[in-house]
Amino acid sequence: MRTGAEYLASLNDGRTVYLDGAVVENVAEHPAFAPVARTVAGLYDYAADPSNQMQYHAEEIGGPANLVYSIPRSPEQLAARGQAIARWAQQTKGWLGRSPDHLGATFAGFASNAGVFEVPGRGFDENVRSFYRHILKNSSYVSYAVIPPQYSRASTASSWGEDFIQVGVVRETEEGLIVRGSQMLATGGPLADELFVTCIKPLKPEDSAFAISFAVPIATEGLKLIARRPYAPAATSEFDYPLTSRYDEPDAFVVFDDVLVPWERVFVDRDVQRVREPFFRTPAHPLMNWQAQIRFAEKLRFIASVAHRIAEVNETDQSPGTVEKLGELAALVLSVESALCAAEYAAAPDEQGTYVPARRYIYGAMGLQGETYPRIIQILREIASGGVMQLPSSAADMISPTTSGDIDRYIRSRNTGSLDRIKLFRLAWDIIGSEFGGRHQQYEIFYAGSSALVKSAYTYRDFGYEALGEELDSFLSGYDLPETL
Ligand SMILES: Cc1cc2nc3c(=O)[nH]c(=O)nc-3n(C[C@H](O)[C@H](O)[C@H](O)COP(=O)(O)OP(=O)(O)OC[C@H]3O[C@@H](n4cnc5c(N)ncnc54)[C@H](O)[C@@H]3O)c2cc1C
């Protein structure tokens, strides 16, 4: 199994990642990316240690692989898969949104029903299976860019002029497709092995040039990642920014400068009908979002523990108002945990025999995520109150003899010393107020699509209003106007 050291070494592969107007020489050593690269390396080391029970025998490759990539074919295998995802999430307290298990789930789903990709004579279904085997064998870290750039949300790419704003096929050659254009975002892209590209937003028949699906190594010629402003370099120390300094997962705008996509890496070729279907006709969408909710629950439990500890440290945990807030926070966390339990309990095999967590419950939690996360952050803000400002500027103030005396004496609680108190409140600030914390609020609200889309396209659709309507009709038909009053 791949180790952390092997992963870090593999990143020095000539990839084109831009930061502050220049190409990053080696992301594994750059201050913007190195800290979170080490975190990802830690995940690989954890999985490589057999005592952590992250491995299984993958029949597709006839050897060991990471459970997070497995196709669950029984309730027990689904449970084992979920536990492995949870163990990885525990390593990062849920702060790595797109760890390698996210796209691992997508391709497990695609490969489990690769026939959906089949076009006679084109071999796309085998390309999907082969890429899945590649992921299994190499424990690949795949990032994805599935949303067009924000150019116009009222129209689609074919009406955006002759330029390829959204990535599309310029021409084809014997070797494959030549693609040009851009995609909105690839979280983790600068640190991944591979980029999966497709378009999950609906396209029109005239958009066929943009209806493509493929995967290429990040270090592919012509593939450029323009990284957003990183937050880790501004983190003065791990003590001051305990989350930013470890989990600043990069997001990058993606540019395709006439990139050659070899035929064996093409999954959908200019086919408006097929380009979105695999997410919904295979278990990919529920599997990847089940992973996302397992991670989300881990993160929420962590935030809840911080809120509760702050209440203890400030001795507000006895005030009815604070206890009520902590109760509400607990209820919000439990709503996600309950959805996970329900999704696993109600999991059922699909036609290919893959055990699929029940979409209905996953989409229930996702439908409220855009409200759940901001509400939890708001509760932590209210509980932490001005305490996140009653802090020295950095750890340097605590070390310097000029300032440490006053800090030790005054910035403490009746039950907690200065160091532990400041440590806790700095952590709270990294959750609610740092740039990293702000990015996480944006992430949780939008990573699966806007709340409006999630509610209408997923939660509404899978809730089962039709069955409820029939029950309602049956109830309503059981009585009528009285003959007399
Ligand atoms: C931190 C972060 C990381 C991301 N990582 C990735 C990644 O790794 N890969 C990737 O492909 N994408 C990624 N994304 C992009 C993400 O998928 C998109 O943000 C998401 O799909 C929503 O698209 P949009 O931002 O263009 O917003 P839009 O969909 O354009 O929505 C914008 C606003 O319009 C509203 N709106 C839209 N449609 C409707 C409607 N029908 N009714 C009412 N209101 C509506 C929305 O509620 C929202 O307020 C990431 C985004 C963020 C913030």
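All positions are counted from 1 along the displayed chain.
Cβ from N, Cα, C; glycine included.
Quick look at what TrEMBL lists:
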{"type": "BINDING", "residues": "Q150, Y151, S152, R153, T187", "note": "FAD binding site"}
{"type": "DOMAIN", "residues": "3-268", "note": "domain 'HpaB/PvcC/4-BUDH N-terminal'"}
{"type": "DOMAIN", "residues": "279-459", "note": "domain 'HpaB/PvcC/4-BUDH C-terminal'"}
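All features noted in TrEMBL, drawn onto the structure.
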residue	record	Cβ within 10 Å
Q150	FAD binding site	8
Y151	FAD binding site	14
S152	FAD binding site	12
R153	FAD binding site	9
T187	FAD binding site	21
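Mean pLDDT across the domain 'HpaB/PvcC/4-BUDH N-terminal' (3-268) comes to 98 in this model. According to DSSP, S152 (FAD binding site) sits in a coil region rather than a helix or strand. Spanning the residues Q150, Y151, S152, R153, T187 that the record associates with binding FAD, the maximal Cα-Cα distance equals 22 Å.
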